[in-house]
Each structure stands twice: as structure tokens, then as C-alpha cells.
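Annotation source TrEMBL lists domain 'BTB' at 22-77.
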Amino acid sequence: MTHQEIQMFEDQLALIHCLPQLNNLRVTGKLTDLTIELEDNVKVHAHSIVLASRVPSLCDALYKTPTKDRAVVLKWPTVSSEY
């Protein structure tokens with residue numbers, strides 16, 4: 001995705017508010033299956049099924065099945081962790 005194709009996804013009722021336990025699992029790194037590396041090497045753990053359902057354009061990239069030897073890592077070095 002080039003800089004001109006940046007998309008912001010913001011829900012009226014964000015999942016963090018309607019599914020707080022899901023956010024607790026993400027924050028603690030439990031049951032997450034991918035990592036997003038942001039600006040300044042900040043790492044965010046995520047659930048690929050949630051990300052794919054919210055950002056359909058990422059679905060194909062996330063379809064890869066992670067193994068113990070190969071974790072799924074999305075690198076977004078120009079995205080700030082301040083959001």
C-alpha cells in the first residue's frame with residue numbers, strides 16, 4: 001500500500017468498546033496470531049480474523065497460516081503508535 005492509498009477505518013461503535021474482553025486478550029498477547037510493527041519498531045499484537053473482517057483488502061495477505069517457525073508480521077513503519 002503506497003502513501004496515497006492510506007485508509008483510516010473508524011467504527012461508530014468500536015470493537016474495543018463492545019467487546020472489551022477481546023481487547024484484553026489482544027493487549028495481553030493471548031490468542032493473537034499476528035504482529036503489526038509500527039513506527040519506531042512498536043509492536044502491536046492482533047487477531048487476524050478480526051483484522052481481516054474489518055479491513056477486507058488485507059484478507060488475502062492475512063490468509064497465510066502462521067506456524068511456530070513463521071509468524072505473520074505486518075510491517076507498517078510509517079504508521080504512528082499514537083493512534
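Along the chain as shown, residues are numbered 1 onward.
The backbone N, Cα and C atoms fix where each Cβ goes, and this holds for glycine too.
Residues in the domain 'BTB' (22-77) partition by DSSP class (helix H, G, I; strand E, B; coil) as 24 helix, 12 strand, 20 coil. In this model, the domain 'BTB' (22-77) carries an average pLDDT of 81.
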